[in-house]
């Protein structure tokens, strides 16, 4: 299983959605119950260190003024006495329209039979309504109000999508700037994998050479099929599964001169259509002079 990312999310809680900058609290959310204290950073400098209460570190900003506008991040001290990575930056502007959300696709900006395509629209303020827009439509194609600062939309058609967030109906004039546009397509290929030699050194006949092929999906785990290629042709070889289903090892045992050549790998979704990734980067194995 994948290890949980310890990076905390940083959210903005407002007491009044209709006037979101009049009374603001920053919430730094812990990922487990053993975290001790947290730090708030503003514009790259440490601002404050405070205790975590429950799973949330709270830092009250109050009314947003010229003195406290800026880019905020947070991090948390764990029971192992290690600091987590800093959170993604959150901009406190005190102005409207509100800062644009981010929009990303999982597993990617594609429509593939058998796979669910999700668009994640992530803002910064809690208690907002998220709207998903498709180019050519005047009104949102989907809307969602969630307790967090992110909404997830499932899409089934190609097109150009963007999103924004807004205050609830009681304050309809408070909106964010739209996100960047994502182009959702039916792909010819999937993105190429990372490909490298695990025991990278000079090789001699009789050695074991282990290649690693890794598909770069960060949101979740998928059931993937991997293949190894030598000089552009599929090569039957032992596939070594590991705990991470997004990666495999290919073992070449007792290699000889015939195993020299240019290697690459590909992957595809087992439950999806027969669309493979582009060829990975190429690694050349030369058993006479070393790799």
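Cβ coordinates come from backbone N, Cα and C, glycine included.
According to Swiss-Prot, the features are:
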- 28-74: disulfide bond (DISULFID)
- 121-163: disulfide bond (DISULFID)
- 213-265: disulfide bond (DISULFID)
- 22-79: domain 'Ig-like V-type 1' (DOMAIN)
- 114-171: domain 'Ig-like V-type 2' (DOMAIN)
- 191-288: domain 'Ig-like V-type 3' (DOMAIN)
- 23: N-linked glycosylation site (CARBOHYD)
- 156: N-linked glycosylation site (CARBOHYD)
- 160: N-linked glycosylation site (CARBOHYD)
- 175: N-linked glycosylation site (CARBOHYD)
Structural state of residue 175 (N-linked glycosylation site), classified by DSSP into three states: strand
Rounded to the nearest Å - Cα separation of residue 23 (N-linked glycosylation site) and residue 175 (N-linked glycosylation site): 17
Cβ-based isolation winner (fewest other Cβ atoms within 10 Å) among the glycosylation sites 23, 156, 160, 175: 156
The domain 'Ig-like V-type 1' (22-79): DSSP-derived helix, strand, coil residue counts: 0 helix, 38 strand, 20 coil
Minimum Cα separation from residue 163 (disulfide bond), reported as the residue among recorded positions 74, 175, 213, 265 that achieves it: 175
Long-range Cβ environment of residue 121 (disulfide bond), under 8 Å and at least 6 residues apart: 101, 102, 103, 130, 132, 150, 151, 152, 153, 163, 165, 179
Residue among recorded positions 175, 213, 265 with Cα closest to the Cα of residue 28 (disulfide bond): 175
Cβ neighbours of residue 163 (disulfide bond) where a neighbour is any other Cβ within 10 Å: 29
Which same-chain residues, if any, lie at least 6 apart from residue 265 (disulfide bond) yet have Cβ under 8 Å of it: 193, 195, 211, 213, 226, 227, 228, 229, 250, 279, 280
Same-chain residues at least 6 apart in sequence whose Cβ lies under 8 Å from residue 74 (disulfide bond): 8, 10, 26, 28, 38, 39, 40, 41, 57, 59, 86, 87
